[in-house]
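Copied from TrEMBL, the annotated features are:
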DOMAIN    1-354  domain 'FMN hydroxy acid dehydrogenase'
BINDING   P75, T76, A77, Q130, T158, K225, S247, D280, G281, G282, I283, R284, G303, R304  FMN binding site
BINDING   Y132, R167, H249, R252  glyoxylate binding site
ACT_SITE  H249  active site, proton acceptor
Amino acid sequence: MTGLARFERRARELLDPVHYDFFAGGAGDEVALADNEEAFGRLALLPRILRDTTGGSTAVTLLGDACEMPIFVSPTAFHRLAHPGGERATARATAAAGTVLVTGTAATTPVADVVAEAREIREDATVWFQLYLQPDPEVTAALVRRAERAGCTALVVTADSPVFGRRGRDDRNGFHDLPPGLYAENMRDLPGGADRVRPIEMSGAFTWEHLDRLRARTDLPIVVKGVLHPEDARLALRHGVDAVLVSNHGGRQLDVAPATVDALPAVAEAVRGRIPVLLDGGIRSGADAVMALALGATAVGVGRPVLWGLAAGGEKGVGEVLELLRDELVHTMALCGAASPGDLTGDLVTRRGAPR
Ligand SMILES: Cc1cc2nc3c(=O)[nH]c(=O)nc-3n(C[C@H](O)[C@H](O)[C@H](O)COP(=O)(O)O)c2cc1C
Ligand SMILES: CCCCCCC(=O)C(=O)O
């Protein structure tokens, strides 16, 4: 078994099946979940030859943060369900890989501890904070303050969850709560709640105005996560957003959403290079990353592969997953005649089986 698949297999062997299903599963019939990966299989790379690729680099700058490769760790909930090391282990491995970790509202480790752990490995480690806007603005403000004080350098606002996706596996397994002792730690001791750990609330009431308010409240760059429609990318630009993240939440929200790599070109076209376009969903190899970069992404995120690495081997497992992706990325870039991510252009991507 090659590539990342062995990490998933090991994770499946080790995890409680109910927790494996929570991580692996998607919404509804899991159409979007499957399509995210299958869409990459419908594409091929058309390599260029006789281009000097020696002395190349995979480095990119993301919202002012130096990043050794254009592959970052997307926010996923509840890392301590995958491994006792949880987000701390993920933070250490991601920092060692020199890339961005997006921790978030549903982390089972407080954001301050995640950043401290990453910075123990590397003092300039980059951690961004994924924010679920909360109906109580004081709670949202407190989460933002927590992220700022911890040293996060960007906010990633998840906008694809006005309601929680219907996850059939979790319904069948009766999995709707964390086991005793695990909490969404960033929701602890927030204003206005009698409970020490408030539940994360989804709300359909949010609009672009809420982003404007957030913009006014923080100096941190804001990434909007869950952009699929090009008109929303244009709105994001108009509302002063610093980057968009093309995402369908790993197929966990709208089950009939398009695969992210299929939605990417129209979003990139709408943005026309004015802000970075990020993408996640279905990236399972360095070649997938190369395709998305060529189609207009500045960087790509991985969700489940990191969870499989974490479950399989804690910090070491996450490190192995990120190094494997980096190695495949470098190799594929070289075979395509690309010395740096900037050399990856749309003409390198074709439909499998399509005549040129
Ligand atoms: C178990 C799990 C938990 C997730 N939790 C969050 C979350 O708390 N916030 C968020 O914005 N996205 C969350 N996501 C979505 C990821 O950020 C990302 O969009 C998705 O995993 C990318 O697809 P991939 O898993 O195919 O790489 C989660 C995804 C998974 C699989
Ligand atoms: C209301 C529960 C919040 C946890 C959200 C985790 C998440 O986004 C996911 O996809 O699962």
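Along the chain as shown, residues are numbered 1 onward.
Using N, Cα and C of the backbone, Cβ positions are placed for all residues, glycine too.
Where the annotation comes from TrEMBL, it is an automatic prediction and has not been curated.
The two recorded residues, G303 (FMN binding site) and R167 (glyoxylate binding site), have Cα atoms 17 Å apart. Among the binding-site residues Y132, R167, R252, the ones whose Cα sits within 10 Å of the Cα of T158 (FMN binding site) are Y132. For R167 (glyoxylate binding site), the nearest neighbour among the listed binding-site residues (A77, G281, I283), judged by C-alpha distance, is A77.
The separation of P75 (FMN binding site) from R252 (glyoxylate binding site), Cα to Cα, is 13 Å.
Taken as a whole, the domain 'FMN hydroxy acid dehydrogenase' (1-354) shows an average pLDDT of 97 in this prediction.
The 6 Å Cβ screen around ligand 2 retains A77, R252 from the binding-site residues A77, Y132, T158, S247, R252, ordered by sequence position. The secondary structure of R167 (glyoxylate binding site), as reduced to three states from DSSP, is coil rather than helix or strand.
G281 (FMN binding site) sits 19 Å from Y132 (glyoxylate binding site), taking the CA atoms of both as reference points. Under 6 Å, Cβ to nearest atom of ligand 1: this is the test, and of the binding-site residues Y132, T158, R167, G303 it is passed by T158, G303.
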